[in-house]
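The following block contains the structure, expressed as structure tokens.
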Amino acid sequence: MSITIRKLDSTSEGFDAALRAVLAFEASEDEAIERSVAQILADVKSRGDAAVLEYTNRFDRLNADSVAALELPQDALQAALDGLEPKARAALEAAAARVRGYHEKQKIECGTHSWQYTESDGTVLGQKITPLDRVGLYVPGGKAAYPSSVLMNAIPARVAGVGEIVMVVPTPDGVKNDLVLAAALLGGVDRVFTIGGAQAVGALAYGTATVPAVDKICGPGNAYVASAKRRVFGTVGIDMIAGPSEILVLCDGTTDPSWVAMDLFSQAEHDELAQSILLCPDASFIERVEKAIAELLPSMPRQDVIRASLEGRGALIKVRDMTEACRIANDIAPEHLEISALEPQQWSQQIRHAGAIFLGRYTSESLGDYCAGPNHVLPTSRTARFSSPLGVYDFIKRSSLIEVSAEGAHTLGEIAAELAYGEGLQAHAKSAEFRMKG
């Protein structure tokens, strides 16, 4: 099957501009969506349950008589787990265990514990770590049902010590996804409401008589959900506004080209705007990958999506060497970075910007998506330059601790008063000086 993927060469004139054109993506804001979301959020904030019920019945074609009727009991989650095929249940439980194990280790290693120290004059300084009280988890419904995302969002929140996890998931026409509900149970979700869209985001942000207000909202969704999350940010925290999925493969030419082709497919099949790029110093290997793509594409159920993605936003790039590949990779700052090489550790030392780094030819990105353990909620659209994967640290907050002794009040008071007078803030200065006299 014929497919045309953009091919670039880093030695060619105009390469930098061509690469920028490949990477260019700006999420468009649909004015109709923005207006609709603004109206829905205002309505939910004003009318609470009544608005949530009205929108849910309309958009999901339901006939519920109350929002309370849209909450699923824990028994329903247990029934969903018990009803899974044995292999599906075993896989889900294994993935949950691995994700939990990784994030428990992360909690130990990543500064998620309170600390303090005492100065010579008795003054105590430190930091208090507190988990969030309540977190909301948005889960897409219908065809885009991803139980793995439930695990990746719920488990780090649970490990962090979040008091309550509230999940919302739409059920169009009343159809529930047992894998999603089973994942909610395994992930430690406390409450599940079968609501979705902007109205669900509004309910979580503002609270209603039935749906409790949360402190942070996490999880993927469509354009309406993304718009709603942007609008409620500030009232609550959010994880991120994710762009299209991305994979960048750095290969030294020693991997089976069909493996690389399928890795590129693994992101391209998400949607037409997903981006899959190969960097390789071996021109003949790039040709073999190109051939493998053409041979394998007809066997893919989502071949039309893959084709559109690869032709529209994909690229096969010839580089001078692996050192240059690493430099370009840092500029791209991809969501997923595979280093498919004989000595991946050597090259990983040169990588500064990537959401997740997959080392070695046996480490397919899909293993990270589902069951390796690290979180698959990753920064996209070059935000890996300043952002990190979702983790335990996203569900805690830090408070500074200051306990000043009498001696410390004199020493620090002189400094504070001098600076406060310099800023023209007399009450600040006097507040410090009063304690110097005591």
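The backbone N, Cα and C atoms fix where each Cβ goes, and this holds for glycine too.
As the structure is a computational prediction, the values presented were derived from the model and not from experiment.
According to Swiss-Prot:
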BINDING   Tyr138, Gln199, Asn222  NAD(+) binding site
BINDING   Ser245, Gln267, His270, His336, Asp369, Glu423, His428  substrate binding site
BINDING   Gln267, His270, Asp369, His428  Zn(2+) binding site
ACT_SITE  Glu335  active site, proton acceptor
ACT_SITE  His336  active site, proton acceptor
Could you round the CA separation between Glu423 (substrate binding site) and Glu335 (active site, proton acceptor) to a whole angstrom and send it over?
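It is 45 Å, counting Cα to Cα.
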Taking only the Cα atoms, work out how far Tyr138 (NAD(+) binding site) lies from His428 (substrate binding site), in Å, as a whole number.
45
What subset of the recorded positions Gln199, Asn222, Glu335 lies within 10 angstroms of Ser245 (substrate binding site) at the C-alpha level?
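Matched recorded positions: Glu335, sequence order.
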Using a Cβ cut-off under 8 Å and a sequence separation of 6 or more, which residues in the same chain sit near His336 (substrate binding site)?
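For His336 (substrate binding site), the qualifying residues are Ser245, Glu246, Ile247, Leu248, Gln267, Ala354, Gly355, Ala356, Phe358, Glu365, Gly368, Leu378.
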Should Tyr138 (NAD(+) binding site) be counted as helix, strand, or coil on the basis of DSSP?
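In three-state terms, Tyr138 (NAD(+) binding site) counts as strand.
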So which one is it: of the binding-site residues His270, His428, which has the fewest other Cβ atoms within 10 Å?
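Output over binding-site residues His270, His428: least Cβ neighbours within 10 Å is His428.
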Here are the binding-site residues: Gln199, Asn222. Which has the lowest count of other Cβ atoms within 10 Å?
Asn222
Tell me the coarse DSSP state (helix, strand, coil) of His336 (substrate binding site).
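Its secondary structure by DSSP: strand.
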Measuring Cα to Cα, how many Å separate Gln199 (NAD(+) binding site) from Asp369 (substrate binding site)?
28
Given Asp369 (substrate binding site) and Glu335 (active site, proton acceptor), what distance in Å do their CA atoms have, once rounded to a whole number?
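So the Cα of Glu335 (active site, proton acceptor) lies 12 Å away from that of Asp369 (substrate binding site).
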Output, ordered by sequence, the same-chain residues six or more apart from Glu335 (active site, proton acceptor) with a CB under 8 Å from its CB, or 'none'.
Ser245, Glu246, Ile247, Ala354, Gly355, Ala356, Leu378, Pro379, Thr380, Ala384
